[in-house]
Amino acid sequence: MSPSSQQQPAPAYAPEDDINVDEKASGNSSPSPDQPRGTTGAVTVEGYVSDSQRRAQAGYYAFRWSSLYQPAVVNPINGKSHTFPILRFWDTYSTQFWLATLGFFVAFFGWFAAAALMTEAIKVDLKLTPAQVADSNLASLGGTAFVRVIAGYAIDRYGPRKVMAILLCMGAIPTALMPVVHHLPSLKAIRFFISILGGTFVPCQSWTTTFFDKNIVGTANAFSGGWGNMGGGVTPAVMIGLYERLRKSGYTQGMAWRLSFVVLPVPLLFVTAAVIMIFGKDHPAGKWSQRHQLAGTAYEVAAGRAVHLDHNEVQEQERMRNQAGGENGGSNEKMLTSAAPVKGSDFSELQPGQKYDQVDTAVSEPLTPRVAVQVLTDLRVWLCAVSYLLSFGLETAMDAALPQLLFGLFGGPTFTAEDAAFAAATYGLLNLIFRPAGGVFADMLYSKYKPLGYGLRAKVMLMIVTNIMQGLLMVGLGMYVNHSSHQSIGGVIGFIVGIAATGFVANAGAYSVYSHLRPRNIGFVAGLVGSGGAVGGLCYTGLFKTQPGTKAARTLGNKFWIAGVVNIAGILLFSWVPMGDAA
């Protein structure tokens, strides 16, 4: 489906870092602020532009329920959708959203399969102590941070679809080796390599960022991340149910849990990878090697900005030039530079006087050492990475700590460990609501304040404020557990709901902001931010392990208030970072 065939909204006007085709082409890079120009190049009167026109020019699109099933409204500059047509399943934008979500969902299912069977079968069969189980859980997080950075680099070069499929296949191999586990070292080694599946979060988010525009990308990223994350939530019920069925079929305990991995997670991972490769699409322009053939690249070239093509793109440009030369009687324009891609049929005509954000025109480019250093020293990227470290990292540790907290406080004949696990599951289930809500809130704030020039800053403030609120609630939970003389399950659950709501919104906030920062390197930036979450999980899990606490000594809540102080201090350290040229 060509973007040119879609409804074409008004181009986005940005008061910050933009491209003015008419002025750049004429060599005037400093237009007079009191002479705004219309799309014809003529001077216009600012007062004649209505408020609704200003909002449309700024990329504002009011949400309508019908947009969920109507054709995507496509930005002709970059081919991305302004709307979220997830119920129009045959629409290419809906298809890519669901494939990204499915890949992430299945990956998390495979990643958490061992944890689901740990208490029921693996721990008993291998005769593991609680400390050894904890070490095994840490090993299952060990490779994720590294894989996410590498995946980000690969995405900028090969595209998110291929990277997602490769990670699923790579993770399926150690999952298939789970039946050979017979002692703790082999369990830790194989779970370490299964953590490759945790890296699929990066292509999931990069894929939706590639297909959804800046006014809706927070929503798309939050829904794909939140719903994909549910793969880890359904794993216990499915894997334990499969294990019990195999036991009833006559298999021994050791044989049943080993067969469980071969029967379901392994084929599911391989089949999903195949579906992604068959039905997925690299980019709105088509193949990843064609991503510079939309109008945005033409605007970049007209503005005098270098557009760097990788080897596959250079070959594609040569092929198109040769084809064009043959169709024009043998004349063939020589490609003088890799910064001048051929103008294909998907290019829109340049409109003199139009202005566009760089986030509209920028396209992923291969990472170079110089650019890598620039990204690694960009404090805006660190702000997002730290935010995700504090929010998702804490979430990872809380999933394991909350059942222990509830049982430690209220355990007894009427409140068993199983009851505590079910009550603590409230925390994870709220991901279904609050992470998508965070993306929606971020996009609403962006649309509201973008015409005033504060759209991105509004998203950033949502991310910072919710991190601080999460930290305050963690401190409150710790103090309540340690010092309240009238503790109740309802009181603890109240804190858990508040911590989930603020933390999951902060999760979504980080991935609604990252795509604005360095749009030519969305894969690498997504990988760095995602690795922050993995590192945070290790840090918070380590912190909780060093602060076990007891109810009698009134120290059971220490780990929580300490984590809350870390959250508040960590985000405040980066709250001053300016957004610079990001829009």
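Every residue, even glycine, has its Cβ placed from backbone N, Cα and C.
Keep in mind that TrEMBL annotations are predicted by a computer and have not been checked by a curator.
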**OP:** Among 131-153, 430-452, 522-544, indicate the range for which TrEMBL gives the feature transmembrane segment.
**Re:** 522-544
**OP:** Using TrEMBL as the reference, determine which range in 55-78, 487-510 is annotated transmembrane segment.
**Re:** 487-510
**OP:** Quick one: sort out which of 190-212, 282-304, 397-419 is the transmembrane segment according to TrEMBL.
**Re:** 190-212
Subject >> Contact between the transmembrane segment (460-481) and the transmembrane segment (560-579) (at least 3 Cβ pairs under 8 Å, separation 6+) >> reply: yes
Original post:
Counting Cβ pairs under 8 Å to the transmembrane segment (190-212), which of 97-118, 487-510, 522-544, 560-579 comes out on top?
Top reply: 97-118
**OP:** Sort out for me which stretch, of 163-184, 255-279, 487-510, has the most Cβ pairs below 8 angstroms to the transmembrane segment (97-118).
**Re:** 255-279
**OP:** May I ask which of the stretches 163-184, 224-243, 487-510, 522-544 has the most CB pairs under 8 A with the transmembrane segment (255-279)?
**Re:** 163-184
Original post:
Against which stretches of its own chain does the transmembrane segment (522-544) lie, if we need a Cβ under 8 Å and a gap of at least six residues from its ends?
Top reply: 137-138, 141-142, 144-146, 148-157, 160, 163, 198-199, 201-203, 205-206, 209-210, 364, 367, 372, 375-376, 381, 384-398, 400-401, 510-511, 514-515, 559, 562-563, 566
